[in-house]
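I have placed the structure first, in the form of structure tokens, so that the comments after it can refer back to it.
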């Protein structure tokens, strides 16, 4: 039961996912960008004294991606982990994609460190950089998938100008900084807006939801 709760922390959708997930399995069997949906549990829910084993266990239970929450006690009121932990997971034998969500400001200095440590995807908040386009280019130049993260009250306006550089759009369905918060229902409207932007662009962009995803609301999401 505990493992299933962890598997529902963050959810990523591909452009092919058009219908609700009710009646389907909660975890995809593939980890490629082409699969319909992926489950990405956050390591914030893990026992850090046994982090390597915890990550191995949730992946064996059906998770697809490791969601790696990085907080700097500046952009958000909490302090978590850095690139050394990401590197340690790779050394431990984790081969699944690692989705690094940077809740730090400024972001450019640490992007390279996480790319070197083994990140697969690197996402950041538009407010955390003075040059969104440049930061996205930096992520992609280092061989990682790039993405933008939008807080519950942050509009999607800037996407209009950078859709060609975005591989992931991550919508926060809670306010960033702490785990265990309840899903903010208004995120569903924003989810529809983001889906429309992706469909209009015709690009292969994943749509990800982070925070408060549970067995009770995953079908609607």
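Including glycine, each Cβ sits where the backbone N, Cα and C put it.
Predicted automatically and left uncurated, TrEMBL annotations should be read as such.
Since this is a predicted model, take the numbers as computed values, not measurements.
The feature active site, proton acceptor is assigned by TrEMBL to 69. Within 10 Å of the C-beta of residue 69 (active site, proton acceptor) we count 24 further C-beta atoms, all protein chains included.
The active site, proton donor feature in TrEMBL is assigned to 210.
Per TrEMBL, substrate binding site is recorded for 42, 101, 177, 178, 179, 180, 212. All protein chains considered, the CB of residue 179 (substrate binding site) has 14 other CB atoms within 10 Å.
Within 10 Å of the Cβ of residue 210 (active site, proton donor) there are 24 other Cβ atoms, across all protein chains. Taken from TrEMBL, the feature divalent metal cation binding site covers 67, 69, 101, 210.
Its Cβ taken as reference, residue 212 (substrate binding site) is surrounded by 21 other Cβ atoms within 10 Å in the chains shown. Across the structure, residue 177 (substrate binding site) and residue 69 (active site, proton acceptor) place their CA atoms 9 angstrom apart. Cα to Cα, residue 178 (substrate binding site) and residue 210 (active site, proton donor) are separated by 12 Å. For the binding-site residues 177, 180, the ranking by surrounding Cβ atoms (within 10 Å, all protein chains) places 177 first.
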